[in-house]
Amino acid sequence: MESTLKEMRDGASVLDMDPKSTVGGGVEDVYGEDRATEDQLVTPWTISVASGYTLLRDPHHNKGLAFTEKERDAHYLRGLLPPTTISQQLQEKKLMNTIRQYQLPLQKYTAMMELEERNERLFYKLLIDNVEELLPVVYTPTVGEACQKYGSIFKRPQGLYISLKEKGKVLDVLKNWPQKSIQVIVVTDGERILGLGDLGCQGIGIPVGKLSLYTALGGVRPSACLPVTIDVGTNNEQLLKDEFYIGLRQRRATGQEYSELLHEFMTAVKQNYGEKVLIQFEDFANHNAFDLLAKYGTTHLVFNDDIQGTAAVVLAGLISALKLLGGSLADHTFLFLGAGEAGTGIAELIALEMSRRSKTPLEETRKKIWLTDSKGLIVSSRKESLQHFKKPWAHEHEPVKGLLEVVKAIKPIVLIGTSGVGKTFTKEVIEAMASFNEKPLILALSNPTSQSECTAQEAYTWTKGKAIFASGSPFDPVEYEGKVFVPGQSNNAYIFPGLGLGLVISGAIRVHDDMLLAAAEALAGQIKEEYLAKGLIYPPLSNIRKISVQIAANVAAKAYELGLATRLPRPENLVKHAESCMYSPAYRYYR
């Protein structure tokens, strides 16, 4: 040991040292790793050819026991795998049996994430073939719990972490990502994760989960997806004190420091990947969400799922519900509990659709839509104190405080909850809705399940089976007086994967409101009479890939119509083109 330290002090390289001084009768230490002391640098050598041991640990190419005899010979896998060869279908069956044995959703989530880290195609095969069962596992509501506990369950990095430490070097950080042909980026700053608040850097679970759905449901290649978290600190005291927290331990940066980092990121993305890369803003706080969309909507291909995606999926549900309610959107009155990014985004898209259909000015159609916030009904007498995104919804009416009083005063046929506060649709509120509506439409959209404004059981029971109900998080079927009601799920997963695919295949350079309307109309067009007969206003998620194809084709058509598409010439059949562009998780055969 003394001789080793002497050689180090004399400036000798690790590779120049006598192997016998530190390695006792073992394999020769070619790279000097065993001879290096803890404070000495070594080179992290890797084998670049995907074969043998390396191939089995490459999630993009690993097939586990599904490697054929020929592949095992060609890629030096003999002896590295048990002798049996099984199909991808049998692998899927085995893993689903294992996952179903777990009692806790978080255990299932962890199992799925571990599968993605070792066999990417099998992960997507499971998710696509079992979408209704696994969607709540890899995304809402389970992903919320995963983000809360991310520091404890963190094993290996997923996605790209850009913190204030990287300010001035963001372009270099983007270049560290191994995949170069990126088409979709989902980025969060972790300030408003679902209905759970500020989770800081641990919000990375949301972009990771979202992009897995872009692939599974929308067919965007996994290698073309990039999850990003912008870490500017957190105001969550619990996380700041948590020894396992993985992010910056400081209060959240705001103002110029925040906007400069975001601007550097947006500029670097365009510089590195071009202007046809879709950037989806995810779970930003209200003030930043609206500002970012307004600031970059004219210069980048940007989309906010909380504002625009939620709006499109709710609008699709309302268009479907008209077949049960009768009339047009303009014939009905809408009331929102919650006037944040989701509430105002939905309201604006409903008003826009009304305006397009009825050829009425937007200012007029907005008057059919009422919003309430924590201070009560948004009315014109409050206009001076309102945030800018609430002002278009301040109508002439006397101030009304409580939700029950608002419902009785406005008498809406549609009640939409986007408050992020659970149990706010009380028995009295729901009963009031049923008292003046033959079929009250109740949408409890807040996530996760614990934050839902009411449950499906409550909606059906309190309206005596009259309600048309849909929620943001899934609920089990409800039996009331001998009849089984199947609650719909107003899940953004119906819209954003198909929208993303449509933007990618058309080479769109901007997201236009008419594309959102096109996506909503395509989704509403997939609802059949048999679904409506059960009170469903959304089609089954089991058909989501086919639905995404229709949405993608509609969105792409609108991009070409608006002159925003760059992939020319336009394909003759956009539906077939969308299908042909979708990623398939089936195993490839290797030479």
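Each Cβ is built from the backbone N, Cα and C atoms, and glycine gets one as well.
What Swiss-Prot says about this protein:
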REGION    1-26  region 'Disordered'
COMPBIAS  1-10  compositional bias 'Basic and acidic residues'
ACT_SITE  Tyr139  active site, proton donor
BINDING   Arg192, Asp306, Asn447  NAD(+) binding site
ACT_SITE  Lys210  active site, proton acceptor
BINDING   Glu282, Asp283, Asp306  divalent metal cation binding site
SITE      Asp306  site 'Important for activity'
BINDING   335-351  NADP(+) binding site
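Sequence features annotated in Swiss-Prot and their locations in the structure.
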| residue | record | Cβ within 10 Å |
| --- | --- | --- |
| Tyr139 | active site, proton donor | 26 |
| Arg192 | NAD(+) binding site | 23 |
| Lys210 | active site, proton acceptor | 27 |
| Glu282 | divalent metal cation binding site | 29 |
| Asp306 | NAD(+) binding site | 23 |
| Gly338 | NADP(+) binding site | 23 |
| Glu341 | NADP(+) binding site | 28 |
| Thr344 | NADP(+) binding site | 26 |
| Ala347 | NADP(+) binding site | 25 |
| Ile350 | NADP(+) binding site | 27 |
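Rounded to a whole number, the C-alpha distance linking the residue listed as 'active site, proton donor' with Lys210 (active site, proton acceptor) is 7 angstrom. Ranked by Cα separation from the residue listed as 'active site, proton acceptor', the binding-site residues Asp283, Gly338, Ala347 are led by Asp283. In terms of Cα spacing, the binding-site residues Arg192, Asp306, Thr344, Ala347, Ile350, Asn447 that come within 10 Å of Asp283 (divalent metal cation binding site) are Arg192, Asp306. Pairwise Cα distances among Arg192, Asp306, Asn447, the recorded NAD(+)-binding residues, top out at 12 Å. Note: the CA-CA distance between Ile350 (NADP(+) binding site) and Asp306 (NAD(+) binding site) rounds to 15 Å. Every protein chain considered, the tally of other Cβ atoms within 10 Å of the Cβ of Asp283 (divalent metal cation binding site) stands at 26. Apart from the site residues Glu282, Asp283, Asp306, the chain places the Cβ of Thr188, Arg192, Ile193, Ile206, Phe281, Phe284, Ala289, Asn304, Asp305 no farther than 8 Å from the centroid of the site's Cβ atoms, the recorded divalent metal cation location. Other than the site residues Arg192, Asp306, Asn447, same-chain residues with C-beta atoms no more than 8 angstroms from the centre of those residues' C-beta atoms, the NAD(+) site, are Ile193, Leu194, Gly195, Asp283, Glu341, Ala342, Gly420.
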